[in-house]
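Written below as structure tokens is the structure these notes are about.
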Amino acid sequence: MYLQIFSTSRVCKAYSVVFLFSLSFPLHFTGTGESGKSTFIKQMRIIHGSGYTEEDRKGFTKLVYQNIFTAMQAMIRAMDTLKIQYTSEENEECAQIIRRVEVDKVTVLERKQVEAIKNLWEDPGIQECYDRRREYQLSDSAKYYLTDIDRIAMPSFVPTQQDILRVRVPTTGIIEYPFDLENIIFRMVDVGGQRSERRKWIHCFESVTSIIFLVALSEYDQVLAECNSENRMKESKALFKTIITYPWFLNSSVILFLNKKDLLEEKIMYSHLISYFPEYTGKHSSLTMLTKIHKSARFCSLNGEGKVKLHSIFHIFHIYTLSVSALFLIHFN
């Protein structure tokens, strides 16, 4: 097994090798639910694909609205579960307005709803609830959208590229994205990460030569949406082991993509890693911390447990929505 943490300047060369052997074959792109797979695909479309026209961006408008209501409804439910009080009866009424919204049918933001959302987001109780988001399911983009609600609520609103990167829509089934890189077309295959989706794709990639496996570093203190007793990081570890030990993937190169570094650096200041990985003894915020988190989770030690180590595994840390940082991943210099 070849394993090393690459600096940005060295990643270009290492990843060029991986992709040069993958030009005529699908590149399998996977990870557990909400690890950032679809966001990465969007980044590749912006950087290396056709990008998003204004008409494309307009098509995301209702999804942005729906993400806002989904996030606020999740916090309202959590207020009850966590027994947190609103600071005023008026905000309790605002919560009722948002509760009644049928998210799937939302296509516009009504003024009354916008005012209710703004009042709730400014409520100290909701802010306390947000700070405790690891105790329930809340999208990573909640704060981004809610703090910018005035812009999003404008009649002339058209989602920006950053808005599109933040939109959460669960992937179902198998979706293929072609990319043209320097006149060479290859296929990136995105698959659903939730448990219910995996049986649809796990056996479909006998010819895959390279796999990108995403792990969200910020999930170390969160549980699965499908099972509230299972730690997300441990689920990622279990799926990673499944992937690298399947017969179809034994000769594939593996890129372990450690995602959401920025969210981790924010979270680690108040949710201590040692509570979930007792072997961790590093500082709260540093590259050493990130390396130790990776080692604590022991992903790469799963490569060839009790067997000959067959995989070449590359891994790198990545910021959740920083498109520019994805440039070095697929480049043929």
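Glycine residues also receive a Cβ, built from the backbone N, Cα and C atoms like all the rest.
Pulled from TrEMBL, these are the features on record:
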type	residues	note
BINDING	34-39, 140-141, 165-171, 190-194, 259-262	GTP binding site
BINDING	SER38, THR171	Mg(2+) binding site
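Neighbour count (other Cβ atoms within 10 Å of the Cβ, all protein chains): 21 for ASP140 (GTP binding site). Cβ neighbour counts within 10 Å, taken over all protein chains shown, single out LYS37 as the most crowded of the binding-site residues LYS37, ARG166. The binding-site residues in question are GLU34, SER38, VAL169, LYS260, and the one with the fewest Cβ neighbours inside 10 Å is VAL169.
In this structure, the CA atom of LYS260 (GTP binding site) is 13 Å away from the CA atom of SER38 (Mg(2+) binding site). If you take the Cα of SER38 (Mg(2+) binding site) and the Cα of ARG166 (GTP binding site), they are about 10 angstrom apart, rounded to a whole number.
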